[in-house]
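Quick look at what TrEMBL lists:
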- 1-28: signal peptide (SIGNAL)
- 46-188: domain 'FAS1' (DOMAIN)
- 212-265: region 'Disordered' (REGION)
- 217-229: compositional bias 'Basic and acidic residues' (COMPBIAS)
- 246-257: compositional bias 'Low complexity' (COMPBIAS)
- 272-400: domain 'FAS1' (DOMAIN)
Amino acid sequence: MDSHIYDVSEKTLFLFTLLCFSVASISALPHQNRTGNSTVAGQMINSNSVLVALLDSHYTELAELVEKALLLQTLEEAVGKHNITIFAPKNEALERQLDPEFKRFILEPGNLKSLQTLLLFHIIPQRVGSNDWPGHKSNPTRHATLCNDHLHLITKNSGKKFVGAAVLTRPDDVTRPDGVIHGIERLLVPQSVQEDFNRRRNLRSISAVLPEGAPEVDPRTHRLKKPEPPVRAGSPPVLPVYDAMSPGPSLAPASAPGPGGPHNHFDGESQVKDFIQTLLQYGGYNEMADILVNLTSLATEMGRLVSEGYVLTVLAPNDEAMAKLTTDQLSEPGAPEQIIYYHIIPEYQTEESMYNAVRRFGKIGYDTLRLPHKVVAQEADGSVKFGSGDGSAYLFDPDIYTDGRISVQGIDGVLFPEVEKESTSVKKSVSSVKVATTTPRRVEHMQEQEIAWTSSSDVSRLLWKELDVD
């Protein structure tokens, strides 16, 4: 009996000893590992941690950079091992006082390592309070940072405390059991990050520099510039004033040789096909596209011109304007070609170039493929107006198509040369019945008897002869 009681007592004593050993083991665990409420990578972070305080503090710019740099897990591991000290630049230093080019550099995805090094340079893996700064008579203290670099703490004779080159503006701003945050006036940049930035900036600047001795092209003649002799002081200008101020004959890139030279420098037919397709997709210019493709062979001729190196600007009347053309105006042999020829300028002009020209010079006369007639442009109501009187048209659909060779500008009327308008007005008094039935509101009849239309092939040969370039 006693033995049984003795056996029970022995087992009870063994269990009691095991329980005491377990309680002692649990009490020996670190405080943050027992009271934390979030776990990342096996480390317990207390809600009263300095990292939580940083994310909730007024140092929002620094906290955002820490998240972008993917450093939260690294800092949690550092807090789990020892106290830390964070030197936090104020928001203004990271928002407005930071070099925009440097900020762009550290935020690029390819420079993540540099951003991490930059931020870890602001963290010391030990607790350094404001009372731990050396006095102004003492030597600076040197502390290792989490990026394996060093920071120097110093106090000047004025009493100001410095971290490297930054002034300590808010000492002990945030204090927690596992760390402290000090506010500083500026961002601290380690030497390694500065060298990476300088290397990237130098490479970018070098790539934008024109190589020494590279040939230069004269924008007026599209030929290589020859070295010019030095001009003496007081000599007259090399170019006349008008040539120096007026817009050039073409804003397009250097053209290929004209007729007689090597052919097929450009695929002009594909470019013409592309701009006609753009007209159709844009909408409202189906009549113009129909004349170019179906009623005439102008699309093919324009493609040959562009292949030879010429540039063209097409003033395209919209469908509403084309609908006002009468049957008599389109029924004469070669009439559709002559109408379109008057709407094609053998220059490359955009809305901006034409508007700047008419604003500077008042009126501009552009040569057309309908030789020798010109189309006159002037400024009106903040836009470009072509022609005059009832036969004028406004540029209202600018830059429908611009590829450096062909420019298409939409206008709201069909243009006719002034000579035809005068002859048409004389003809009105002879056949008043015809005028009453067929004259459109803004477009007069074309000359029917004084001008003999040539066939499409004759016009083509005449065009090549007039536009022949040596």
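Each Cβ is built from the backbone N, Cα and C atoms, and glycine gets one as well.
Per-class residue totals from DSSP over the domain 'FAS1' (272-400), listed helix then strand then coil: 62 helix, 32 strand, 35 coil. When the domain 'FAS1' (46-188) is classified with DSSP, helix, strand and coil residues number 54 helix, 38 strand, 51 coil. Across the residues of the domain 'FAS1' (46-188), the predicted structure has a mean pLDDT of 89.
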